Amino acid sequence: MGALRWLSIAATASTALALNPEGLISAPRRSEAIPNPSGDVAVFSQSQYSFKTHKTTSQWNVLDLKSGDIKLLTNDSDVSEIVWLGSDDSTVLYVNGTNADIPGGVELWVSDISDFANGYKAASLPASFSGFKVVTTDSGDVRYVAYAESWANGTAYNEELVAKPLSSARIYDSIYVRHWDYYLTTRFNAVFSGTLKKSEGKGKATYKADGDLKNLVSPVKNAESPYPPFGGASDYDLSPDGKWVAFKSKAHDIPRANYTTAYIFLVPHDGSKTAVPINGPDSPGTPEGVKGDAGSPVFSPDSKKIAYWQMADESYEADHRTLYVYTVGSEETIPSLAADWDRSLDSVKWADDDNLIIGVEDAGRSRLFSIPADAGDDYKPKNFTDGGVVSAYYQLPDSTYLVTSTAIWTSWNVYIASPEKGVIKTLATANKIDPELKGLGPEIVDEFYYEGNWTKIQAFVIYPENFDKSKSYPLLYYIHGGPQSSWLDSWSTRWNPKVFADQGYVVVAPNPTGSSGFGDALQDAIQNQWGGYPYEDLVKGWEYVNENFDFIDTDNGVAAGASYGGFMINWIQGSDLGRKFKALVSHDGTFVADAKVSTEELWFMQHEFNGTFWDNRENYRRWDPSAPERILKFSTPMLIIHSDLDYRLPVSEGLSLFNILQERGVPSRFLNFPDENHWVQNKENSLVWHQQVLGWLNKYSGVEESNEDAVSLDNTVIPVVDYNP
């Protein structure tokens, strides 16, 4: 067992309370902590769902950055966003999600945090805008950007003011037809700019809307920003001097369903000129051969430079993300930074005009690194955070950083760190605040490395409540999606390993071939190897666990996975490894090889299987879970979950698998949500999902009998449709 890196679990048993599905789903969910200009306090939002009232309540709080104390700012559920206004330590601009004058619109209000309820309305906006970024100019005026849906003519889309069409028909002459969970229309996301004029009056200055909003995206045909379904405020930035806006858009001049290519556009804040790409095919500074996705544009403090990341490959969504720094107005080739570093960045911010901070996935964590703005390609950035996954970071006046993160053991962790000293002080953490998470701590998690098919593979181990290594617990083998993704030391409300562990399992979550954060070689090796290298890594991982962990019962083990993990569960069902498990759970996995062409992002399958469906069909069929010889091996009880709004992997994939399992006489159940996509996010649906998944696993692993508090399939009140005689 020398490869296992024990934390404190070897010496002491955990005293954590069991985390159950209701507690997970109803525990408070908090946003990033956003500091004021002086770094004295920070604001953050909090929402909480109640299974008693079946409603969500929300509030905004103030965190004292010296004491860590938290106090309520407002529990007005209409307050959707708050940003600090200028250099004033107590004045904020907030978004009121309702509009007294325009149904479906929002309002901008200005208030002092010491007297929040007595603010005033500064602007009335004609649609549902969000993602506000603001700067105060030398004149004292406030310039801002935000986004909303847009009509082709550039006006903001307001759903409440649109007449319902007489026909529901949709007509398409190009792809996409649909994406993620929606059908494309002639509408698109767009970044708008606006100004609040400062007026000096009695007491404090006041602000009022000045002029109309400007659509900065619509003048570029086929451009869209933020880019759905996951784009947001990180897709654009406003220069500190208020003069420029940079935004990301997928390439507007090539088919978007076939390529990942994206450009960073630059446009005056007032929209006086049409946006132009700084890294497009005709841009003078575009690096040679760099044609892939791009994102996270951010201006330097002096507004003279833009940092962003970009991939080289135009068909590989998980290609290496390299950092670039563009000088505004320059026609020189845009230089890359630390391009030889075997890590791919997720986010970037400026520390000052000469240095940057980047967020990077690294060995199952997401850490912060510092890097000079003129670093060469051979530079190795320096890490200054440790475990967990960083979700946000803001520079404080003393050049330290206010960091918001999560971990497997906490949903919210706020601390101060610096490039020179590392983590300095923890201010607040959810497992000390929330009764639902009471007692959770880093001791519930370990990791180990083992020899995989061709290299060492990392795996997390998550222990159950009151773990005792002298006892034996069934294995729950956790397989992640992506496939170019990974299990991270992060909190999840959908696939939380601690919830599974506390039923009475030891969860083992490997990061096999294809996993991100362990170098490009491991990640890229999955291409055309979906059922090859990763499966072999998982087999070797199971063997390692079986041989080395006396407290893990592999005879009664179970396995579960989603998306690519769902594919792998389907593949395992027809493989020898499938006979090692008492039950399987497949969530939104591909099943029929020839159905892969029904997805929306065609570049994905074309990259993964080295070509198009018609030129390389054998590559698609090479790893086909529905191959006849594999179906004949199906025998392990299996729960299949697939929802109607999943357009990435259509619901027919799950139905096909369920049909075959039923006809083969394999114990099986199909769980469907007509209103969910690739994920299950509705709180009540999430509870049913957990009850069914955990109940299925508990039934066949024996946990249902050994743990009187374990979730049972009978916990679900939804009736089961069963027409068997």
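Each residue, glycine too, has its Cβ placed from N, Cα and C.
Annotated active site, charge relay system per Swiss-Prot: Ser563 (among others), in sequence order. Taking all protein chains in view, 23 other C-beta atoms sit within 10 angstroms of the C-beta of Ser563 (active site, charge relay system).
DSSP assigns Asp646 (active site, charge relay system) to coil in the three-state reduction, placing it in neither a helix nor a strand. Summarising the annotation, Swiss-Prot assigns active site, charge relay system to Asp646 (among others) and lists similarity to another entry as the type of evidence.
Taken from Swiss-Prot, the feature active site, charge relay system covers His678 (among others). Residue density at His678 (active site, charge relay system): 21 other Cβ atoms are found within 10 A of its Cβ, drawing on all protein chains shown.
In sequence order, Thr57, Ser58, Gln59, Trp60 are the residues of the chain that are 6 or more apart from Asn75 (N-linked glycosylation site) and have a CB within less than 8 Å of its CB. Residues or ranges marked as N-linked glycosylation site in Swiss-Prot: Asn75 (among others).
Long-range C-beta contacts of Asn96 (N-linked glycosylation site), restricted to its own chain and to partners at least six residues apart, with a cutoff below 8 Å, comprise Asp78, Val79, Ser80, Val106, Glu107, Leu108, Trp109, Lys121. If you look up Swiss-Prot, you'll see Asn96 (among others) marked as N-linked glycosylation site, on the strength of sequence analysis.
On its own chain, Asn153 (N-linked glycosylation site) has Ser218 as residues at least 6 apart in sequence with a Cβ closer than 8 Å to its own Cβ. According to Swiss-Prot, the feature N-linked glycosylation site maps to Asn153 (among others), an assignment based on sequence analysis.
The N-linked glycosylation site feature in Swiss-Prot is assigned to Asn258 (among others). Long-range C-beta contacts of Asn258 (N-linked glycosylation site), restricted to its own chain and to partners at least six residues apart, with a cutoff below 8 Å, comprise Ile175, Ser315, Leu602, Trp603, Gln606.
Sequence-distant contacts of Asn383 (N-linked glycosylation site), defined by Cβ-Cβ distance under 8 angstroms and a gap of at least six in the same chain, are Asp362, Arg367, Leu368, Phe369. Positions annotated as N-linked glycosylation site by Swiss-Prot: Asn383 (among others).
Residues or ranges marked as N-linked glycosylation site by Swiss-Prot: Asn453 (among others). Asn453 (N-linked glycosylation site) counts 18 other C-beta atoms within 10 Å of its own C-beta, drawing on all protein chains shown.
All protein chains included, Asn610 (N-linked glycosylation site) registers 12 other Cβ atoms within 10 Å of its own Cβ. Positions annotated as N-linked glycosylation site by Swiss-Prot, on the basis of sequence analysis: Asn610 (among others).
Taken from Swiss-Prot, the feature signal peptide covers 1-18, and the record attributes it to sequence analysis.
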Among Ser563, Asp646, His678, these being the active-site residues, pick the one whose CA is nearest to that of Asn453 (N-linked glycosylation site).
Ser563
Compare the Cα of Ser563 (active site, charge relay system) against each of the recorded positions Asn610, Asp646, His678 and report the nearest.
His678
Measuring Cα to Cα, how many Å separate Asp646 (active site, charge relay system) from His678 (active site, charge relay system)?
5
Measure from the CA atom of Asn610 (N-linked glycosylation site) to the CA atom of His678 (active site, charge relay system) and give the result in Å, rounded to a whole number.
25
Taking the Cβ of Asp646 (active site, charge relay system) as centre, how many other Cβ atoms lie within 10 Å?
22
